[in-house]
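Visitor: This is the structure I have questions about; it appears just below.
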Amino acid sequence: MGSKKLKICISWSMLIWVVVVLSLQHLVGCQDVGDYNEINNPAVLPLITQFVYSRMSNLTAVISRDISNRSTFCIKDPEADWNQAFNFSSNLDFLTKCIQKTGGDITRRICTAAEMKFYFNNFFQPSSIDNYLKPNKNCNLTSWVSGCEPGWACSIGLNQPVDLENSKEIPARTRSCQTCCEGFFCPHGLTCMIPCPLGSHCPLSRLNRATGVCEPYSYQLPPGQPNHTCGGANIWADVGSSSEIFCLAGSYCPTTVQKISCSSGHYCRMGSTSETPCFKLTSCNANSPSQNIHAYGIMLIAALTTLLLIIYNFSDQVLTTRERRLAKSREAAARSARETARARQRWRAAKDTAKKHASGLQAHFSRTFSRKKHPEELKMLDQAKSEIDEDLYPTCSNSSITSLASPAPSKGKKKEPGDLMQIMHEIELDPDIYEGISLGIEDPNTKRHMPKGKEVNTHSQIFKYAYTQIEKEKAMQQQNKDLTFSGVVSLATDTEIKKRPLIEISFKDLTLTLKAKNKHLLRCVTGKIKPGRITAVMGPSGAGKTTFLSALAGKAIGCRMTGLILINGKNESVHSYKKIIGFVPQDDIVHGNLTVEENLWFSAHCRLSAYMSKPDKVLIVERVIESLGLQSVRDSMVGTVEKRGISGGQRKRVNVGLEMVMEPSLLILDEPTSGLDSASSQLLLRALRREALEGVNICMVVHQPSYALFKMFDDLVLLAKGGLTVYHGPVKKVEEYFAGLGISVPERVNPPDHYIDVLEGIVKSSASSSVDYKELPLRWMLHNGYPIPPDMQKYAAGLVVSPVELNPDHGTNPTSTGMGEQSFAGELWQDVKSNVELHRDKIRHNFLKSSDLSHRRTPGVFQQYRYFLGRISKQRLREAKIQAADYLILFLAGACLGSITKPSDQTFGATGYAHSIIAVSLLCKIAALRSFSLEKLQYWRESASGMSSVAYFLAKDTFDHFNTVIKPVVYLSMYYFFTNPRSSFADNYTVMLCLLYCVTGIAYVLAIFFEPGPAQLWSVLLPVVLTLISAQPNKSEVLKFVAKLCYPNWALEAFVIANAERYYGVWLITRCGSLMKTGYNLHYWGLCLFILMLIGLVSRVVAFFGMITFKKK
């Protein structure tokens, strides 16, 4: 019986559900009949509600498809955005109440797709009167029912079918007008209802009789209609026009008819559908519209500060510890080498004493026993000496460095003692036959051999090896110190001394004429500078001494050059030997924030052969430091104008040492002794003499050297004003030559000073001499048989008759003296033309390519990049205070702007972001200017010497990436946590990162193309002007085009888009309206970041091109 009753109950239940479904279908399918009796049935009403909701869902889907073409710029995912606005599936109570209120004809009162399309399209075509729709079929001048009033709606006729998905025709809807349901809004000018989006609060309004306004909305009752009452909501638009329907901040609205205050520990932004729990360590009171996350900003900046302090202190400690360990190893090695040298010196003294005693015994025995000779004792002494020498010094191979001081005989063939003595006597009798040192050329890329036995790997072994060689060299120099000039030759002709490729430069009729003024800077200079000799270039001011060196080094720009310059007798470009030519500029261009040793080591790393072993490099650097007397300041900062470092004389020697450590074959120095005292000058000349003994061709400009310094030169080039040669030959013969002209040096007068005074016209020739100082260049030409220029030939025949007519000191071209005076326009055109030619010559010179004939392979771009990166890291660590000041200023800027900025939901915080773009761009540009503007001179020198510009630029940019990564965190740690925007911290950081990459590249361009003052001015001006253009609300077509070229436009768009994406539901129209007004597109966030990165990359390419093109020579 139980089972039978159960079957009967199930059958009846199924029958009831069938009846309900059929009645529902009858209700919906026969709406025009008016069968709404089932809406009061509690069992049927939920099904009717679900059915109506499904019709509404289909309607919103149709609407989203219809308007998606026009709203793609503000709707990223139409389905997701419409679901976030109209997905009421979680709670349909408001729909159930509306069905009951309307008596079941809710589907006749809901707007069709055509009416909703008409309403939403109104936002894309704004009318002249806000909040009013255009006339339509139901509401116009001839037909205006009560349903056209705000907050009211009407129904479609009973016999008229309803198609909610019809998007083409607005139905006639003027029957049975009544107030709008809760959860719906009825626009002014439409007679239908539209569901309020999620995040809104749409209750029925109440009349405020004092103001006559239907609250909480802003519309009033129509005049002349006493039976008309306040209805429901009347508008859904942007937050500025319809803020009354937005769920208030501090509350959340789970449905469009329900508003709940936010509880403690949660916060509710405006338009929220749920309350958001606050983060830990934040304070959120009841009804809080946002959370106070300042603590997280403080924690972030504290963590960042701690991390930076650890990095800087750890790195500095590592460098300090490493330098201290190296210093200990170096001092121990030097001490060991000195002790060994002293032991050897004592042994030599004892050996000499024993030899003298043995010689005395031998002489005594020879006198006593004339026919008996016993050399066994001498042999025993020599044998004992060899054994002790081998014990004191390990046997070395015949390498160029080790053999320099080795007492062992070389493997090569040596000259007999008789031949060597004959060479000495010949040179002493006739010094002119000594024209240089004949040295062989070894392959500069060949690896040198270390001492046999255990390999030299550790720092102690390397320093011991280096200092041992240095002490041996000192011992050899001491042995030859007391010798005559032949003793120096004996050292120079030692075939075991390290050899370098020889460079001999000869020049014939070398003339340089300034293109702009057609003025001779150098004229008819003929001669040669030879390897193994030190040539001094002297002359009064304006004689063209520096121009002469620039011409030899291939650095003469803006001049027209005639004549020949031959390299080793061949007409080759001097740039082909750039890797083995050293040029010491007149100014001391060194890195002030590096130590003396670091400056020298960097030059050695980048310019010595890549195949050279580390011990050999250490030997070279230590030898240069030793020879230049820089041991006491090797670990001292060179210093700058602002920060005191080493003395001026020591700085000058470091300037020379930068070229000596690269072991040049030709060394050109521009006034290396200027500013040095006599002792320092002699120390420098002794170091250069050591270089000359290895076959280095040394040419230098000198101003008023002392007599002792003057005697240390081998050759002299004496120039008169106008660049004419007065003398070119050995220093020992200069007095003899001028004495032959009747110009004798008075007693107690320095010869070079006297000759300079004569050439200046300050000192007159003696009464016995009829030679005028203006004749001296012509006398030299006649003395050597050089061709005389045509304009000077008329003076050659009558030197004594008309000496005054010779006027080479001004250096003007005589052919141009007879030209008539040009007009102002002609002179202006000539200046412009000259400037254009000068810049063209500079660009052509910078891009000049020549074959490499130096046979030295220096480190490649990647290896130099590593060296540059290491140098920059040390420099930046020593500039930690400047970096900290940059971070502090950026931190304060974020705190100030974050505290005063009031984020606007209507513009998605665009104003605050615009201020941030200006502040960050300005501060970071000024900081990035230091990367290139402060080291232009150093770069010009290094690039001229052959160092890689690519490696230099990439290393600078790579290290600046550290600031690019850190600075957004510093700024956002204050700004983001003060303003608390809806966009995530990651989105803001990503945009800020791309912005900093962009502005850093622009700063590179400004730093390279402008001087520091104008570059800073442009860095301040550009962000302000470009951001104001980009943030202009109503831009013309021209301004829109200009804004597309401005980087702040793309940064601001990326910030706004990242924030706008977090506004959904009731904010949908606000988002579309704001983006349409500014012209932004929600899909362009990635494009904005790409363009920012592209601008940064293009700026870096332009900066690099400018750096290698417009560099000074």
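Cβ coordinates come from backbone N, Cα and C, glycine included.
Residues or ranges marked as signal peptide in TrEMBL: 1-30. As annotated by TrEMBL, transmembrane segment applies to 293-315, 884-901, 913-932, 990-1010, 1084-1110. Taken from TrEMBL, the feature region 'Disordered' applies to 330-374. Residues or ranges marked as compositional bias 'Basic and acidic residues' by TrEMBL: 330-342.
Looking at the shown structure, can you explain where the listed features end up?
Guide: Using a Cβ-Cβ cut-off under 8 Å and counting only residues 6 or more beyond its ends in the same chain, the transmembrane segment (884-901) has close neighbours at 301, 308, 909, 911-912, 915-916, 919-920, 923-924, 927, 963, 966-967, 970-979.
Long-range contacts of the transmembrane segment (1084-1110) within its own chain (CB-CB distance under 8 A, at least 6 residues past either end) are made by residues 842-843, 846-847, 932, 939, 943, 949-950, 953, 957, 990-991, 994-995, 997-1002, 1004-1005, 1007-1009, 1047, 1050-1051, 1053-1054, 1057-1058, 1061.
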Visitor: What residues in the same chain, six or more past the boundaries of the transmembrane segment (990-1010), come closer than 8 Å to it by Cβ-Cβ distance?
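Guide: Here the qualifying positions are 917, 920-921, 924-933, 957, 960, 963-965, 967-968, 971-972, 1018-1019, 1022-1023, 1047, 1051, 1054-1055, 1058, 1088-1089, 1092-1093, 1095-1100, 1102-1103, 1106-1107, 1110.
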Visitor: Grab the same-chain neighbours of the transmembrane segment (913-932) for me: Cβ-Cβ under 8 Å, and only residues 6 or more beyond its ends, written as numbers and ranges.
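Guide: Contacts of the transmembrane segment (913-932) (Cβ under 8 Å, skipping residues fewer than 6 from its ends): 882, 886, 889-890, 893-894, 897, 901, 939, 956-957, 960, 963, 967-968, 971, 975, 992, 995-996, 999-1000, 1002-1004, 1006-1008, 1012, 1015-1016, 1019-1020, 1022-1024, 1027, 1030-1031, 1048, 1051-1052, 1055-1056, 1103, 1107.
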Visitor: Determine how many residues of the compositional bias 'Basic and acidic residues' (330-342) DSSP places in helix, in strand and in coil.
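Guide: For the compositional bias 'Basic and acidic residues' (330-342), the helix, strand and coil counts are 13 helix, 0 strand, 0 coil.
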